[in-house]
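A short write-up of the structure that comes next.
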């Protein structure tokens with residue numbers, strides 16, 4: 001008679017297994033890979049708390065689009081803003097985000113995931129007040145730089161926190177909440193920007209971090225971080241809070257401890273050497289690839305310069321109304337993805353996303369080419385908005401949120417902080433390059449050429465997803481790590497495991 005090990009059972013099955021009790025009788029029980037998957041209320045609270053920070057990030061990302069119009073109006077602004085300075089108002093935030101992303105890695109390792117997230121709240125408030133009270137362009141740039149630094153830290157720490165606290169059954173859904181709330185922030189900025197100038201918009205931005213700070217104070221640190229610090233009892237309490245008072249958290253805690261001990265045995269004393277190990281390099285390169293194709297889709301150029309793009313297109317629809325429509329669609333598409341991601345999986349949504357973006361970017365490029373050739377486009381003035389709507393739906397349902405979700409899933413626990421720091425820094429480097437050079441690209445190859453360029457990048461991104469990106473739907477972090485590092489046992493016999501028979 002061969003007894004099967006519970007740890008060998010595949011993640012997607014819930015097999016019935018007979019165990020022999022102390023009195024010699026067989027006991028039938030269900031092996032569940034996680035504890036109490038029904039109780040998720042506290043996990044929802046934790047997800048909402050950190051996602052409020054993402055709303056601040058979204059507001060900061062969208063600020064340039066409505067603010068620059070009034071900032072460059074000399075009847076509103078007491079100081080002059082040149083075109084070059086205006087480009088830095090948009091470009092300095094991703095550059096500072098790069099610095100924040102690099103600094104965020106050590107922060108989440110030594111301060112903890114929660115404390116790092118919480119530490120961004122007050123600097124966010126200070127940054128927005130600097131902009132609101134600015135009497136020179138330098139104060140605006142200082143505020144944008146400080147907010148960008150916080151955005152970089154938040155971009156790194158939010159997905160790591162959620163990846164380490166939420167159960168696999170709902171990790172996809174709750175893991176997309178930061179993106180959904182980020183899109184709420186974008187929408188708030190677009191709507192408010194229609195009615196207030198750049199200074200009033202900054203005052204609104206200074207209010208948003210307050211509820212984020214209050215809610216974050218209520219949630220625990222991640223159990224996995226406590227385990228890495230040798231605080232097993234604190235990890236147990238955090239798990240109990242997250243899974244419910246009546247949940248048996250011991251199996252999950254033992255799995256976390258075992259995974260950490262295994263990672264420690266394979267780790268070197270040098271973090272850089274750990275990153276460069278072949279087993280760790282694979283998930284890191286996949287994360288970098290996802291970030292590259294996310295930003296080279298041109299999304300930040302679209303968000304930062306939405307009003308200007310519609311003005312250049314000669315759209316018959318009010319420019320500010322266009323940005324609000326795009327914001328509403330962005331928000332709605334993310335919630336659509338939130339509903340589907342744990343049903344369809346990550347890769348299917350990425351396929352749909354990339355295809356939609358390829359088609360719409362090529363369409364936009366063709367529209368601008370037709371217009372720039374001197375043709376009358378007044379009868380298709382609706383086309384830029386229609387293309388933008390489909391483009392945003394495509395981005396927000398896959399390429400936008402999923403790379404951040406997978407950042408907290410595929411990176412091994414031992415290097416999660418440093419690897420996430422590298423990936424986030426790389427993301428913001430790409431963001432800065434695209435944002436700062438978008439105007440130069442348009443000047444060099446025309447706006448039609450710019451959209452065609454981004455469309456080709458999205459097409460390449462589709463093939464990257466097909467051949468290199470793994471499916472993580474429904475898998476625990478420990479199982480994903482074993483698979484990515486090539487330490488998964490062959491489980492064909494376990495997958496077909498039958499109840500053991502006993503002669504009684």
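Placed from the backbone N, Cα and C atoms, the Cβ positions cover glycine too.
Over all protein chains present, the Cβ of residue 73 (N-linked glycosylation site) has 12 other Cβ atoms lying within 10 Å. Sequence annotations record features per position, and here Swiss-Prot assigns N-linked glycosylation site to 73 (among others) based on sequence analysis.
The feature N-linked glycosylation site is assigned by Swiss-Prot to 197 (among others). Within the same chain, residues at least six positions away from residue 197 (N-linked glycosylation site) with a Cβ under 8 Å of its Cβ are 67, 70, 71, 76.
Here Swiss-Prot flags 1-39 (among others) as topological domain 'Cytoplasmic'.
Under the heading topological domain 'Extracellular', Swiss-Prot lists 61-87 (among others), citing sequence analysis as support. Across the topological domain 'Extracellular' (61-87), the DSSP tally of helix, strand and coil residues reads 15 helix, 0 strand, 12 coil.
The topological domain 'Cytoplasmic' annotation in Swiss-Prot covers 109-120 (among others) and rests on sequence analysis. Beyond the topological domain 'Cytoplasmic' (109-120), the same-chain residues lying 6 or more positions past its ends with a Cβ under 8 Å from any Cβ of the stretch are 50, 53, 150, 153-154, 157-158, 160-161, 164, 209, 213, 216-217, 219-222, 225, 417-418.
If you look up Swiss-Prot, you'll see 142-145 (among others) marked as topological domain 'Extracellular'. When Cβ-Cβ distances below 8 Å are used as the criterion, the topological domain 'Extracellular' (142-145) is approached by residues 89, 92-93, 95-96, 127-131, 134, 202 of the same chain, each at least six residues removed from its ends.
The feature topological domain 'Cytoplasmic' is assigned by Swiss-Prot to 167-171 (among others), with sequence analysis given as support.
Feature annotation from Swiss-Prot assigns topological domain 'Extracellular' to 193-199 (among others); the stated evidence is sequence analysis. Residues of the same chain lying 6 or more positions beyond the ends of the topological domain 'Extracellular' (193-199) and with a Cβ under 8 Å from any Cβ of it are 65-68, 70-71, 76-77, 131-134, 320-321, 323-324.
Summarising the annotation, Swiss-Prot assigns topological domain 'Cytoplasmic' to 221-283 (among others).
The annotation topological domain 'Extracellular' is assigned in Swiss-Prot to 305-320 (among others) on the grounds of sequence analysis.
In the topological domain 'Cytoplasmic' (342-347), helix, strand and coil residues by DSSP number 5 helix, 0 strand, 1 coil. According to Swiss-Prot, the feature topological domain 'Cytoplasmic' maps to 342-347 (among others).
Look at Swiss-Prot and you will find 369-387 (among others) tagged as topological domain 'Extracellular'.
Per-class residue totals from DSSP over the topological domain 'Cytoplasmic' (409-424), listed helix then strand then coil: 14 helix, 0 strand, 2 coil. Under the heading topological domain 'Cytoplasmic', Swiss-Prot lists 409-424 (among others), citing sequence analysis as support.
If you take every residue in the topological domain 'Cytoplasmic' (470-504) and average the pLDDT, you get 57. Per Swiss-Prot, the feature topological domain 'Cytoplasmic' maps to 470-504 (among others); the stated evidence is sequence analysis.
What Swiss-Prot lists as transmembrane segment is 40-60 (among others), and the listing cites sequence analysis. Only residues 6 or more beyond the boundaries of the transmembrane segment (40-60), in the same chain, are considered here, and those with a CB under 8 A from a CB of the stretch are 93, 117, 120-121, 124, 147-148, 150-151, 154-155, 158, 161-162, 165-167, 170, 174-175, 177-186, 188-189, 204-205, 208-209, 211-212, 215-216, 218-220, 241-244.
For 88-108 (among others), the entry in Swiss-Prot reads transmembrane segment.
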(Q) Which residues of the chain, 6 or more past the ends of the transmembrane segment (146-166), have a CB below 8 A from one of its CBs? (A) 43, 46-47, 50-51, 53-54, 56-57, 60-61, 92-105, 107-108, 113-114, 116-117, 119-120, 123-124, 126-128, 130-131, 174-175, 177-178, 205, 222-225, 238, 242, 404-405, 407-409, 416-417, 420-421, 423-425, 427-428, 477
Q) Which of 121-141, 172-192, 321-341, 449-469 has the most Cβ pairs closer than 8 Å to the transmembrane segment (348-368)? A) 449-469
Q) Would the transmembrane segment (200-220) count as touching the transmembrane segment (425-445), if touching means at least three Cβ pairs under 8 Å and pairs must be 6 or more apart in sequence? A) no
Q: Answer yes if the transmembrane segment (388-408) and the transmembrane segment (172-192) have at least three CB pairs under 8 Å among residue pairs 6 or more apart in sequence, and no otherwise.
A: yes
Q) Which residues of the same chain, at least 6 past either end of the topological domain 'Cytoplasmic' (409-424), have a Cβ under 8 Å from a Cβ in it? A) 101-106, 108-109, 152, 155-156, 159-160, 163, 171, 175, 224, 228, 259-260, 263-264, 266-267, 271, 274-275, 279-280, 283-284, 286-288, 291, 470, 472, 475, 477, 480-481, 484-485
